[in-house]
Every structure is written in structure tokens, then in C-alpha cells.
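Engineer: Let me begin by handing over the structure; questions about it come next.
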Amino acid sequence: MDVGGILGNRDSKQAKSNIPRRRKWVKRRETWLVLLGVILHAVYMLSIFDIYFKTPIVHGMDLVSPRFSAPAKRLVLLVADGLRADKFFEPDSDGNFRAPFLRSVIKNQGRWGVSHARPPTESRPGHVSIIAGFYEDPSAVTKGWKANPVEFDSVFNRSRHTFSYGSPDIVPIFCGALPHSTWATYPHEFEDFATDASFLDEWSFDQFQNLLNKSNGDQKLRRLLEQDNLVVFLHLLGCDSNGHAHRPFSSIYLNNVKVVDHIAERVYNLLENYYKDNRTSYIFTADHGMSDKGSHGDGHPSNTDTPLVVWGAGVKHPRPVSEKDHSDHVLRFIDQHVHDAPTPKEWGLDGIERVDVNQADIAPLMSTLLGLPCPVNSVGNLPLGYVDMKKEEEVEAVLANTKQILNQFLRKSQIKRSHSLYFKPFKPLAHYSSMLDQIEDLLSSRDYKAAMQLSENLRSLALKGLHYFQTYDLLMLMTIITLGYIGWMVFLVLHVLQAYTSFSRDIFVKDEAVHQKFNTGKAQLCGCLFMAAVSLLLFLESSPPLYHAYFAMTVFLWTQILNEYKFIKAVWRHLSGKKSDYVIKLLATGVVSVVILELLVHSFTERKLYTWCFLAVGLIACIYLYKLIPWRSGIPVFVCLACWFLSLFTLMPAEIPDNNKLVIASGVMIVVIGLTAKWFDLHASGNKCWYGICNHEKRQPRFPMLFQLQALLVGLSSVMVFLSTSHRTEKQELHTIHQLMNWFIAGFSMILPLFSENGLLSRLNSIFLGFAPPFLLLSIGYEAVFYGALGLVLIAWVLFENSLLYLSKVKKSSTSGKNLEESVLLENDGRYLQLSDMRIPLTFMVLFNVAFFGTGNFASIASFEISSVYRFITVFSPFLMAALLIFKLFIPFLLVICAFSAITKLLKVPRIGCYFLVILCSDVMTIHFFFLVKNTGSWMEIGNSISHFGIMSAQVVFCSGLEVASFILSSGLLKLSWDKILDCYSGFIQYELQNSGFSLRCKFYEEANVNIIVFITSPICTKAHLQDSKEMIPCTANQKSFRVFEFLCNNGNSSCIHKAAIALFDDHFDELLQLKNQCGGSVKPLIVTGHSLGGSVASLFTLWLLESLDISKVKRPLCLTFGSPLLGDKGFQQAISEHPAWNSCFLHVAATSQDSIPGLFIAPSHYLNSAIEASKSDYYKPFGTFLLCCENGCTCSENPEAVSEVLMVFGTEDAANEERTIHVYGRIVEQLEWAIFRKGISQLGKPMLSSLQAGTTLQLEAIRIRNEQNHQQKSDELDNLIKKLEELEVTRLLNKRKVFDPAKKLNDIKIKMAYLEWYKKVAKAKGTGYYDFYKNRLTRRDHDIIRHKKFLTNNWEEIVAQAEKKPQKQLVHLRSRWLYSGTTCRRMIEPLDIADYYRNGGTNYVTNGRSHHYIKLEQWFEEDEKQSGVSVDTNKKPNVDAILTSDSCFWAHVEEARLRCKSMEAADIGIEERGSWRQKLKEFEAYVMEQIKKSAVSSEIFLKGSSFMQWWKEYGKIIEPDYTSPFTNFMKNSKFQQYASGFN
């Protein structure tokens, strides 16, 4: 029997003799082959954007000014994000319409229709279409929907001024870089899917209303608002957020429709009352709709159909529908919906004319209403059905629209003509100028109908011309990319034949030299010449760089194929000499493979094919195994049932319905599957058939309770599914404890498979259980059951292959030895690929696609169900949410990958060879999808075709990425710095080295990319020198150099520095000052380095630079010291640690085993001279990062306490001479340059039970601290050292988490303040005011405010406390940066503290109850006002409606006044006491009146329910009827009612 490889046999003896050389050749070739595969597919994946989807934006066109008067002076654009048309127009269950105001507009004032959006129906593309008038291409995805991929024109750009309020994801796109705009957005954290998001819409309206109110007292703003060509844009996000969270059928979403209608009504009334000129136009629409499951993105009508209502100046009034209004021809909109589609009767608008538009048509409509030029990149057609203009003006408007589109065509034609050696023009517009002249003649003769028709025809041709130039290079690029894919696949087949089959013996061994000599030179020369010619041609045409890459890839691949000319010829000769049955078998395998891959291609759009596939495979596999297995077995039935079970899921809807009970039940099913596999693994050891997949080792497992722990985590995840969902369903926030438990369970469970047993089945079972908890927590319905079904099929695959393997072994054992020899091993434990092995990559491809498409259409944007992540996060975070969704999709794929790897190991086939066959199969599908990419028809089809092609290409890139290794190269800064130190030492003359005193030498080196300053001392500092120079002096000492280190002096801390170092610094101060000034003028990075005591001076000099240099202009210097003694005490260390960025600028290299100077001042007393007191060794503390080295290794630490402990154990003999340490550091630097990361077992002789202990042990081992087995005392000391270092590291990590950085708190503070601002608005609406609303605590919202107040109070207490400890110079900087925020918070929060204080019965708050941090914030604010000479609060504020009361203790004074009023009503007080209190009340009167005159109090103190008004009532009963004062006149004459509008 002839059993060979894919194409033939090979002699085993000759094979074994060539195995070493063959392995080397295969490894070298596959390294670059894998890299080539990654690069090639990544580059070719981008080709569809050059072929089909080039950006439509071009620059350099002239504006087309309209030749008609503007119908409107201003325009209001209201965009309800995520509002679908049917929910807007249809009535509710009671028959009432949800948008009564806008329906009245439709019936009485304006026009209406449906705006058709083009997918991707996302927020950014939708708003670009509305405001800029063009449709973004999918290449914008690669640059981010939220950041402008390119600059484009918009209606806002053309306006005189734009006012915009709304989401931070939309408003900055159009207004962020627009100088003539006023805009504001709420924080991202407001977009919380766990709450009713309609308040976001109210926020946008409130901002605009406040703007108009402010203009009543701001004449500059008033003049701005009265100008022409103004645009007001309100982005209303509530419908979108509520639709995602609660679905568009929910009461919350439908109620939000009423909210946006009410906002439209209020905006209309507000502006009409403000201007009273009837010159305002209004447009209400949406950027996209919302699918029934709460998502959007594709081209379903629920996503593309949005409402459009237009009314106001320049807009036609409604008119009834008549037969003649319908067009005789059928046209389609951009979303492929038919024109003149009937209006649903339930909308109740079928009698009123409806004018549908494409979404991009809204931009020219807005421009026409304002009389502005259309955005230069717009492709929208002006919808005349909305514009109320004269016939002549209508033609002029359409002509302006046509010229604007024609200008784009002409610009693209000009660009392409200038870059092409052979240019093919767009012939229908060859005589466009004569058409324009003809239109002008028709206008002159007042033939408006003919002029209109000709203008519209010219516009249509211009749009076609734009499309022509968009696809100008399509044919050429498609040809070169197709040849590239074919070349890649051919080359891949050749490699598999050469490396993993038994056919290549003769070619590779006998003819290798001839093969390389003959083919390589000629083929390479031809390839280079051809590529040079193509590159020159592309260069002359100014083609994009990617064009060069496409051609280079293709030419390179075919050059490599020509290199294999002899091998290809030999393959052909071999096949020609084979029998016909072998060729038929080979062809049949190829045909079956192509048929399966084509079915997979069609399965992307027809998921039901998987159902038929698994039904058929299950039946065939069952019959095949039943006849093949000679004994009774349940495997055939199990394989059949598993395949049939999985086949059900591709019949289910792609939109997964919520079913949490099914998710919980799936957890039980997964545990049962795992338990069954575990039982099978334990009880199958007696059967030789299962030897390859079961664990037959008799030793005790490493983790005997691993399975129980994994099963427990699966059960816990099911419980958390129930708890998390039930709380969110009740519209509560996701509990923090639930969120933390979900993250912990998901993360911890995925780590456990790393500790599983080595048996194939037990390892797969552990992986299956390990990824089940995160998948369950991310599931919402039947996809959780799919996870278990896929696991069953993967087990069935393993059992099927194991059965075939066992039967083949039994069969071979009964045959002759010749057949055994023919099973030649590829390596020691593998074999060559055979023709039948093609089933493995094909099965992998089927399961890979099922893993992605089994529970939905992954290729559709709408398949990403956002509610899947709500158990982990509810606050809108697009990147984290997307990461979780993609991770969920990859979990089944990871299971398939693991099963694939297990089977290759089981069958002993080369995994890399099978992997290349998988890539080959993927590329067959990829090239098919490449031709299926569309740029016409439905955009949903276009989007799906792109994603299909991208998925297959990404699959190759993803798999290839698993084989790519990365290497990290060092920067070489250490060696460069040390070389300069040696160079500096070499310049010393002999008498300097013999000098008894210290002298400092510094030298400046200017390298190409870096500047280096070197500090050394003469003579070289030794231990003997420093023992007598260990003294420290405080920074307050009266020394010249200490003036520059005053910034180290804190209010609560003092610093001391090594006396010898500061003395050297002081002696050379003038020289160092000159060097510092020299550094300030350079933009190159600066390295400051030094050795021994010179390193101490280098550290001081670096600190001086850090404190004085402007870091915004130059980079921070880096200080590298070698063998430097410690520099300062704990105060010095703390002063530097106040600046984390400073601490990271210091790296101290210490040769621990041969240089005692780094640890001299902290070493125990027996290592020092006996005259030195051991207690004083604690004075010195390390700072920065320490690199502790010996000649054989190094370790790095930034923990000062750990560094102290390590340095303390080193007590070596003194260096015999001064130059010894120099040579030591030189050898260390050389060793570090050549160091590699070693893997091995610790030599310390102790088991390492924790990662921290292991890390500490290996760090000590690296610097030669090892456990000497013969010295028990030293071993105990080492154990104590390891334990102590562990404790210090744990403490450091905990403290690092607690480090207070005010800059990191700023965003959190702003968010909490925003909540208080909203609370203040709610309180004002209730008529009681902020202070009293909180004091009464009438709503549940107050509990949240208490939490926010506590957070803000704690933070500002900490900020103030830290600020008081800061150096005085830094304190000024902190005040100037934080003073405004602190003052605002004080004025917002302290009234709440006052309310708590007096509600609990307190008195005299200012003296007895006021917090210290409020006092300091107020004190600093007053000092800052004095220094600046400007008092913000003394300037008259014309509008005080939205301000905070300047005196944060105002309400405390009010409460004291009320207490005095109540006391005066008592009858038992004396006349003198009554007079005293009366005087205090008069003083309070004067105080209040002074605050009112300065406009320093909020208008809410005059609300009816406020404590201040209650005091006024109480006070009125006490004062005499004829008593008058400025304050009483102000109150009695009701002047306070006009206070909010400005008081004179």
C-alpha cells in the first residue's frame, strides 16, 4: 500500500541526515513568511478604501455666492439624536400624539417629511450630512468618528456666528476650532445609561435660555445676537441614550419624544418673544433612528428614517395632497427607499403634502434660508418643496447649488489631470461652460422652467462626474491586488510542499545549489527592473504611497515564485507521472475544499447554511464512525447530537432577545458539561483508546480543587447575572459591589486555566470553564447556550480525531515494517502532512465562522448589542464598551483555537503547517470577498461587504500575529554617560589627583541628539574621605547656594543636605550659574551625570534645573549618577516626593558588592568608623530610582525603604585604590549593554509561594545575594531580608495608590460640581432655592447630593492640607491654578454645611462651626485679589440670575438673624439685650444691602420659600411701621423682583 505525503514518499534515512539543515532553512523562511503575511494582508486590507471609498473631500474650490436675498436672518437647528420617524409621528396607546407642538406646526405653519439617512447610521456621519452636506466614507472609521479625519466646510463655517450646546461627542466636531462660535457641552459622565437621559436635553435648552437672559444685561452679547446669518444648534441626546438603555418601545424613550417636542416649543416661543421680527427659520430633525433592540448603524428603515419639520421665515406653508403632486417616475433615496412612499394612516398626516429629502439635502436648505454659500463639499440637492421664494429666486438658488457641486467636479478633474500621464476625461461634461451660458440666457429671457430643468440636469451630471473620479483608478488597482493575492497563495502552497511534505527531497537536497544559482539571480534582476519602472511611473503621476506598496508587494511575490521555477517544474513532472486515480484524488480534495469555502462565503449572508451543514456532518460522521469503530461506543451518537444541537442556533434571529433565565440555565448546563468531561477524564484510564487525550499520570494534581473552584465561579456568574440585571431593570444604578464582583469573577476565572493539568482533555475542560463566567456575564439571551453547544462540538471533534488516530495505529501495527518506515517523522515527535490532513484546516474554518456568526451577524454594526456590557459598566465609555463587546465575540474563537492546537498535538502534525493551510483557505475566501465589495446599492450591503472582506483579512493578520516575536533594545544612555565620565577623568593632571582638598570639575558635552553635563571631583572620593564629611546642614543655613534651594523648605517640613556636597556647590556657584543659563537655551534632551561626590553635585544641579526651567519649552533633565553617596535626610526626600515627575528624573547606579559609598551613611555601625554613631545613620534617605548592580546582574527599585535595606547588608572592604570603582562601573555598564533576560530557577534554595516573594528573591539573586546552605545564620538573615522587603513593597504599593495628586482630582471635582449645578436648577424650579431645598431634604435626590458634597469636602480638605505643606514658592503656583475652582466650590458647598449645622441645632457657625479649609480658601482668595489689584466681586454684575452668592457664609448670617428675631419675640428679654440684638439686625440689614448693591448675592434668596424671605417676614413684625432704611425700601417697593435682571 502506498501511503505517502500529499504528493509522494521520501526515503527516511536520507531525510534524517538532512533534518538539521532542513530545520534551519524552514525556520529562517517561516520567520519572514509570517512577517510578510501580516504586512501583506494589512496593506491589502486598506486597498478597498483606495479602490471603492476614497474621501470625497477636496479643497481649493471657490465659494458660490447666492444671487438672491436671504429669507431669514437666523436659523435654529434642533437635532434629536436617535429619534426614529415612526415613534415621532404615530400616536400613543391612548390615541394622543407625542409631539403636539410640532404637529401643529406641520398642519398650520411649515412643511414636513422624512429625512433619509445613509448608513453607517451613527451620530457623527449623520451630523456631518446635516451640517456639511456630504456623506463620510468608511475610511473615516480608521481615523475616528469623533475626531475630524479631514477639515471640511459646513453651514456653521459660513455663518456669522454659531451658538451650540449639547453632547461632548458632537458639538466640538463643528465648533471646537471655529473662532466665531459660542458653545458648551456637559461632561461625558452625564451620559449614564442607568438613568433617564432626558435631562441632557433640558441641559442644552437651559444653556441657551441662560444665554438669552444674559444678553439682557450684556450689550455686547445683545449686539451679537441681533446680527444676521446666525445659527443656533441644540443637540438633544436623550432619545439616543434612552433608546440604547431601554429600547425605543419603552415609556422612557417615548416620553423623551414629548420632552424634545416641548423643548422645540419653548425655543420657538423664546426666540419669537426675544426678536419679534418673524425672521427666524426652524429645522427639527434627527441624525439617525433606532432599531427595536436599541441599536443603530445599519440600513434598516428604523435606523435611516428620521423626522423633518421646517417652519418659520422663508418656509412654505402646508398644503393638501393632490394627485398632480406625485411624480410619474420612481426615484430612490440614498437609503434605497422609494420616492412617494405612502404615509402610514396611523400618523394622521396623509392629507398634508409630505416632502422627503436625503439627509445631505438639509445643508443646502439651511444655506438657502440664510442666504449663505453652500458648504463647498456638499453633495446635497436643494429641496424646493420647503423654500418659499419667487420663481426667479428658486432658479437662482438651484443654480448656486449646481455651481457648487460643479466646482467640486472641476477641482477633482484638475487634480487628476495634473497627476496623470494619460488622462481620461468625463465626456458628458466636456462642454459644461456652454450649458452654464445657456442657463444664464434662459434666465435673461425669463424662461424659468427651462432654466430650472437645465440646472437640475447639469447638477445630476456633476454628481455623476464626481463618482467617476472617485473610482478613476478602480480597474488598475483591482488587477494588481488580485495578482497579489494569487501570488501569495501560490507561494504559500509552494512553501507547504517544500517544508511539510515528503515530496521535496530531490529538489531541496540534490538540486539546491543549482536551484539557487540559476533562479535567484535572473528572477531578482527581472523583478528589480520591473519594480523600478513601475515606481518611476507612479512617481511621475504623484500616486499615493500605498499605490507603491501594492505594486511592490505583488512584484515581490511573483519574483519569489519565479525563484522556485525548478521546483514548480519538478512538481509538474511528478504529477504527470502519477497514476490517474491519485490525480483524481488530489483534484477531488481541491474541489471539495473550494466548495466548502464557497459555502462559507455565502454563509456570511445566509446563516441557515450552517444548519444544513451541521445536520449533514452530524449524520455522515455518525455513520462513518459507526462502521469504522469495531466495538460498541457512544461516540457516533454523541458526535451526531452535538452537531445537531449546534445547528439550531443559526436558525435563531441575529437580534438576540433578552432572556436572563436562559443565561442562568446555561450556567448550569456548562457546569454539567464540565463535570461530565472531568468524570470521563478520571475513569477512562483503563482504555488505550483514550490514552492520547486523558490524563494518565498517577501523581497528585498540583491544584486538586481547581475544577471545583472553576465550577463555583461559573455558578457565581449565573447568580450575578440575576442580581445585576434585576437591579438595572428597576432603574437603579448598577451597584458598585455587583460591578466589582463581576469584574473579579471574569478576570480571576480566566487565569485559572494556566494551573490546569497537562492532559489534553483536562486542559480543554479547564479552558472551557475558565472563559464561561465572562461570557455568561456578557450574555443577554440564547448566546449563552451557544457557548455550551460549541464546547460540545469541539469535544466531539477531538473524540472524532482521536478515534481515527487510534484505529490508524491499530491498523499500522498489523502491517509490514515497510509501511511503518513510510510514516516518516518531520521532527522527533511529528509527521509529514498527508492529503487527508486537509480536513483539519477546513474543519477549523467552519468552526471559526460558526464561532463568529452562530449567534448573530458579526459583520453588521447593529449586531453589537450594547446592553451586553451593562453588568460591567453603565456610564457611557465607547472604547471600554467596544472592547468588552469584541472580547465577548472572541471568546468562542479562542475555544476553537485551543481545540485546533490540541488536535495538531494529538495527531502529531506540524501546527505551523496546518496554520499555513488555514491562511490559504482564508485567502480563498478573502479574494472572493474582495470582488464582492460594493460601492453602489444599499449602504447596508456596502457596509456588510466591507466588513466581510475585513473579517477574513483580519483573521489572517490575527493568526499571523500569534507567530510574531518582539525584541526590546536598550537606549544606551548609561554607556554614553559613563564614557563621558571616563573622558572627564582622563583630563586630570597628576598634581590635582594628589591634592588633599576636594575640587569640582564639570564639563559640557554637546552630542548630536543630546547634551551631557559631567560632574567629578578631584581627588576621587573614597570612603575614607566621607567618613569625616558625613555632616548635614539645614537648607535654612546662611549660605549663598541655599538661596536657590529655598523651594525645598516647607511650612511643615525642613530639609538637610550633605555638607560636603553643598560646600562644593557653593564654592563653584558662579560657574554652575553660567552652566545653568547655557542649558536653558537648548532644546535637546539633557543628561546630567557624575561619579561619587560629583554625582551628589549632579543631583543638586538637576534639582535646581527642575525648579527653575520652563518645562513647557524644554524637556526635563535626566540625572544619572554612579556610586554617589546619599544626599539628604527624610525632609529632603519628602520635599522631592511632593513632585512625582521630579522623582522620576533621577537614576542612581550603585555597585553594591564592590562600592561601599552608596550605602555608607545608612550602613550599620560596625561597617563604619567606630567614631560614627550608628543612630545618625538614619539621617540619610535615598530618593529617585536605584539600579543596584554587580558584574553579573542588576535589580531596579524606586522604593526608598527597600533600597535602604538592601544597601545596609553590603559591607565590603575598602577599595585598594581610587581607580578600582571606576573599573567596576565600566565593567557593569558593558555587561548591561549585552545583558539578556534569563529564565531559570532561583538558586536561593527556597520554594517561592508568591509572585512578590519570587520577584524579591530573584532581585536579590541578580545582585549576588544568595542563600549559602552551609551558613544557617546568613540564611536566616536573608530570609528576614526577603520578608522585610516584601512588607516594604506592599506598603509602598498601597501608599502609591493613596498618593494625592490634585491634577487627577480636577475632572472628578468638575463632575460632582455639575451635579450640584443641576441640583441648584431643580431647587430653583421648586421655588425654595438651593439652600432651603437641601435643608428640607424633600426628595431622594438629596441622598446623592450628600454623597457628592462629602466627596468634594474631603477632596478640598486634602487639597488645602497638602497646599499648606507645599514649599512657599509652589504654594503661589497652586493658588493661581486652583483658586477659582476652590472659590466656586466653597460658595457652592459651604451653604450645604451651614444647612446641616443649623438643622442640627447649632449656633454661631462662623465662630464655632466653620471648617478650616473654608477659612484658608477665603483667605487665599482675598490675598490674590489684593496682589492682582482686581476684585471680581466689586465689579457690577448686570445679570445675577445664575451666579453664586459671593459670601459663602451668607446663609449663616441669615440663620443668626432669624434666631435673633425669634429671641426678640420672647417677652422675657431685657431692654438692653433687645437693643443689642436690634442693632445687630440693623447691621445685618446694611450687610445684605451692600451685597445687593455689589450684585454679590444670588437672586434665589428672594424666592418665596427661601429662609431669607422667611426672615424678612419675621423681621417685618418686629420693626416699627414708620422705620425706613435703604434695605426696607428695597424690599417694600418689591425692587427685589427685578434683581435677577439687573438692579441699578
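Backbone N, Cα and C atoms are what each Cβ position is placed from, and that goes for glycine too.
Curation plays no part in TrEMBL annotations; they are all automatic predictions.
Relevant sequence annotations retrieved from TrEMBL are reproduced here:
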- 249-326: domain 'Sulfatase N-terminal' (DOMAIN)
- 464-938: domain 'GPI ethanolamine phosphate transferase 1 C-terminal' (DOMAIN)
- 1060-1158: domain 'Fungal lipase-type' (DOMAIN)
- 1315-1530: domain 'EDS1 EP' (DOMAIN)
- 1-20: region 'Disordered' (REGION)
- 521-540: transmembrane segment (TRANSMEM)
- 546-562: transmembrane segment (TRANSMEM)
- 582-603: transmembrane segment (TRANSMEM)
- 609-626: transmembrane segment (TRANSMEM)
- 638-656: transmembrane segment (TRANSMEM)
- 662-682: transmembrane segment (TRANSMEM)
- 703-724: transmembrane segment (TRANSMEM)
- 736-755: transmembrane segment (TRANSMEM)
- 786-807: transmembrane segment (TRANSMEM)
- 840-859: transmembrane segment (TRANSMEM)
- 879-900: transmembrane segment (TRANSMEM)
- 912-933: transmembrane segment (TRANSMEM)
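I'm curious about the neighbourhood of these features; can you describe it?
Structural biologist: Look at the domain 'Fungal lipase-type' (1060-1158): DSSP puts its residues at 48 helix, 18 strand, 33 coil.
Here the transmembrane segment (521-540) has Cβ contacts under 8 Å with residues 421, 547-548, 551-552, 555-556, 558-560, 562-563, 565 of the same chain, all six or more residues outside its ends.
Below 8 angstroms of C-beta separation, residues 6-7, 575, 609-610, 613, 835, 838, 842, 845-846, 849, 853, 921, 924-925, 928-929, 932 of the same chain, each at least six residues beyond the ends of the transmembrane segment (582-603), sit close to that stretch.
Within the same chain, residues 660, 663-664, 666-668, 670-671, 674-675, 678, 734-735, 738-739, 741-742, 745-746, 748-749, 752, 755-756, 765-766, 769-770, 772-774, 776-777, 779, 870-871 sit at least 6 positions outside the transmembrane segment (703-724) and bring their C-beta atoms closer than 8 Å to a C-beta of that stretch.
Packing against the transmembrane segment (736-755) from elsewhere in the chain are residues 702-703, 706, 709-710, 713-714, 716-717, 720, 723-724, 727, 763, 766-767, 769-774, 777, 871-873: each is 6 or more residues past its ends and has a CB under 8 Å from a CB in it.
Beyond the transmembrane segment (786-807), the same-chain residues lying 6 or more positions past its ends with a Cβ under 8 Å from any Cβ of the stretch are 614, 621, 625, 628-629, 633, 635, 638-639, 642-643, 645-646, 648-649, 666, 669-670, 673, 677, 688-690, 692-693, 760-761, 764, 768, 772, 775-776, 779, 840, 843, 847, 850-851, 854-855, 891-892, 895-896, 899, 902-903, 906-907.
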Engineer: Counting only CB pairs under 8 A, let me know which of 546-562, 609-626, 662-682, 879-900 has the most with the transmembrane segment (638-656).
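Structural biologist: Between the stretches 546-562, 609-626, 662-682, 879-900, 609-626 has the largest tally.
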Engineer: What is the pLDDT of the domain 'Sulfatase N-terminal' (249-326) when averaged and given as a whole number?
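Structural biologist: Its mean pLDDT is 89.
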Engineer: Determine which residues of the chain contact the transmembrane segment (546-562) at the Cβ level, with the cut-off under 8 Å and only residues 6 or more beyond its ends counted.
Structural biologist: 39-40, 43-44, 46-47, 50, 473, 477, 480-481, 483-484, 487-488, 490-491, 494, 519, 522-524, 526-527, 530-531, 534-535, 538, 568
Engineer: Run through the domain 'Sulfatase N-terminal' (249-326) and tell me, per DSSP, how many residues are helix, strand and coil.
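Structural biologist: Taking the domain 'Sulfatase N-terminal' (249-326) as a whole: 32 helix, 16 strand, 30 coil.
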